[in-house]
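**Q** According to TrEMBL, the protein carries these features:
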type	residues	note
ACT_SITE	Glu375	active site, proton acceptor
BINDING	His374, His378, Glu397	Zn(2+) binding site
COMPBIAS	42-56	compositional bias 'Polar residues'
DOMAIN	72-269	domain 'Aminopeptidase N-like N-terminal'
DOMAIN	588-827	domain 'ERAP1-like C-terminal'
REGION	40-61	region 'Disordered'
SITE	Tyr463	site 'Transition state stabilizer'
TRANSMEM	12-33	transmembrane segment
Amino acid sequence: MGKGLYITKGVAVACAVLAIGAVATIIGLSVAYSKEKPGSEAASTASPVGTSTPSTPKEPWQRFRLPDTLAPLWYNATLRPRLEPNAEGLYIFTGHSLVVFKCVRATDLILIHSNKLNLTTFQGFHVKLKGLDGGPAPSLRKTWLEVPTQYLVVRLNSFLAAGRAYELYTEFVGELSDELGGFYRSEYIEDGVKRVVATTQMESTDARKAFPCFDEPAMKAVFHMTLIHPQGTVALSNSMDLDAVNISIDGQNLIRTRFEPTERMSTYLLAFVVSEFTYAGKTQGIRIWARKTAIEEGQGDYALQKTGPILAFFEGYYNSTYPLSKSDQIALPDFAAGAMENWGLITYRETNLLYNPEVSSNADKEKVATTISHELAHMWFGNLVTMKWWNDLWLNEGFASYVSYLGANYAQPTWNMLDLIVLNEIIGVMAVDALASSHPLSSKEEDIMKPEHIMELFDSITYSKGAAVLRMLSEFITETIFSQGLHTYLEEFKYNNTVYKDLWKHLQMAVDKGGIPLPDSVEAIMNRWILQMGFPLITVDTKTGKITQKHFLSDPKSVVDRPSEFKTSFSMASTESTTTLTTGSDSSPSSDIPVINRAQIIDDAFNLAKANIVNTTLALRTTKFLSKEIEYVPWETATRNLGYFYLMFDRSEVYGPMQAYIRKQVGPLFDYFRTLTVNWTTIPTGHTDQYNQVNAISLACKTGVEGCKDLTTGLFKNWMQNPAKNTISPNLRSTVYCNAIAGGGVKEWDFAWSMYKNAAVASEANKLMAALSCTTQPWLLNRYLDYCLDPEKIRKQDAASTIAYIASNPIGQSLAWDFVRARWSHIFHE
Ligand code: BES
Ligand code: ZN
């Protein structure tokens, strides 16, 4: 991952649906967009004459894709991170690596990825080359680092022979930087002492920052890793440690930990961590690693308790045993994404793995369960069988996003996870996919070349629309047939790579075997959903019964400049979304209409209103029944849609009547929860009821329902008076903090800030971080924006989300926009 601010997928999705999407999107996608057409690869380094154009670089090392001449077999790499700065104040690592590769097609050129590594030279060359099995190796002609394409280039005086194997040796020094990519460092304070962790984040293209490697997902190989690290630290990697012995280098007593050879795997799934962490876990098989104090407090226990069942669920679902002998999961104080599915050593942000019932909310718990489920799903789908190239990323991430709900539902059967997928993945991404700027799920291989093109693919379309279309598919072919297709797919391609058509083939085989009648082939149905952007608006003429479809755009004036080979027609194989649009009824929500459809009616109506297809009053009328609704999913949908209205109308004459109306609607819900929780002293039992209690308080306070502000400010005041004792129930903390800070001044803000800096649990720090953006005082918001660019105040991993939180506050919206433009250069480069 390059420089600049970091944004997790969760933040990206949240940002994308914010009305101020522009701010968030710009921060998230801080990459320049340029396209390069691939040239046909020449095995010889001689330049083809007369074929070069500016977009087809003439030399192989100027192209971003590796040629198909060489294939790695195995690596033997030793790395030694320094957890203390050197004389120049730099944290570094040193290492050496050997890669054995096979020559597939004769060539006089070796291209291997290497980025930001300082390579040792041997008699003027950056490598040593040997032939294996007694065979000769060509002599070296010239070696250099091709910085733009991140290659170490080795030109030879004669050709490598097809079918023969060679070994390439390198020695190097790299920086253990704080950039959250490659081999990097994370820091935290424990017992008053600063501790440094050396850790990795390779996806998508940063393994090349740790050691020279063929850094493409189809270049699978076996890795023999060794780590040299200080006494008192423990080293982890993808596979089990073989041995750990004390050694001495230059008078320093160190440990050398060697690991078992990995399975055949892709470079982006490699991981190694050196830390003073400890773990929760009774067996060598499943361990949860984190800072000592976090583990001692039991923060890893929930993850530990759920990992076994979720792994067992996926073994059953895929009908395939977990392919590795161990599963380590580790929580890191600094981590760019939410979590990363490194095979056998999954890395997490602390908030996505650690849970403390005293301070973490039910939302925090759900985040832990779904993240674990998502990453464990990848252990097969993504890791055992991997996409050939990044253009099929949607299949990897969309799939894991879909089945993460199935795994979490198994681990927490009472949570209504199968309803929550509609809310969390589908409703939000439909708003994004209804924009003219959307894009098809599937990209062409040749359109995804540079690292920044690959990073751009990690968006809500890839994750959430990917999940949505796979859910639709599994629904119409049935979950059983879907999982049977997955089983044969994994069997055929294990330890290898695929394209999405391979999955369609196996699902089709399962459909045929199961005798499921379909209007068309799986491929024909699905291509219309993955190869063109958007989704249809279906209109039924109730007089004639005629049904028509049209590409739905939320801005009717927007123009789509992306051609569609299907002329924006979609296959309808699912009947799930067929609902009756009952409008204007304020009777009790009929139990005949399922919860998700009640939400869908509201969401559809608001989107149709945005697109000028129905009147805004009609959309508002779909919220009339809410005064009698107590379920979370419809309320949450309405709240999100009304949030857009708040951002649009907060300065117009509509604001007053809108407030009055919502106050009237939410009043009964507020009373309902006050009674249910015996005046806010107990916690509702249901998971989604706990969520809806928070909605009731948030909306009630926002619209001035009597008793709400007193409740939140009272709770916060108590805490301010006795900072050592926070009696606010974890579920309510986010909304209580936010409301108290919004209603308070600098005193409340500064108190929350000091609590944020001292928080021992990451999820608690996150709640405060979000709540600090709720202040209504512009100077405090501006000061907070400045803090975002100071890593001592706000960790780099959190800067983008903090700016996005500020932008979602109507008062912060324009401040954030001005700030991002004024400080763009700093945001982009630092
Ligand atoms: N493979 C991704 C992590 C990742 C994201 C790597 C972006 C490189 C760039 C991982 O499987 C993932 O999807 N993580 C999610 C968490 C999940 C619960 C949706 C994330 O990081 O947001
Ligand atoms: Zn994923």
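Residue numbering: from 1, along the chain as shown.
Glycine residues also receive a Cβ, built from the backbone N, Cα and C atoms like all the rest.
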**Q** Which of His374, His378 (the binding-site residues) has the most other Cβ atoms within 10 Å?
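**A** Selected residue: His374.
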**Q** 10 Å Cβ neighbour count around Tyr463 (site 'Transition state stabilizer')?
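**A** Counting Cβ neighbours of Tyr463 (site 'Transition state stabilizer') within 10 Å gives 26.
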**Q** Based on Cα distances to Tyr463 (site 'Transition state stabilizer'), point out the closest of the recorded positions His374, Glu375, His378, Glu397.
**A** Glu397
**Q** Would you report the average pLDDT that the model assigns to the domain 'ERAP1-like C-terminal' (588-827)?
**A** 93
**Q** When the number of other CB atoms within 10 A of each residue's CB is tallied over all shown chains, which of the recorded positions Glu375, Glu397 has the maximum?
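**A** Result for the most crowded candidate: Glu375.
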**Q** Just to verify a number: CA distance, the residue listed as 'active site, proton acceptor' to Glu397 (Zn(2+) binding site), in angstrom, no decimals.
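**A** About 10 Å separates the two Cα atoms.
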**Q** For the recorded Zn(2+) site, enumerate neighbouring residues of the same chain (Cβ within 8 Å of the Cβ centroid of His374, His378, Glu397, site residues themselves excluded), in sequence order.
**A** Glu341, Glu375, Ala377, Phe381, Gly382, Asn396, Phe399, Ala400, Ser401, Ser404
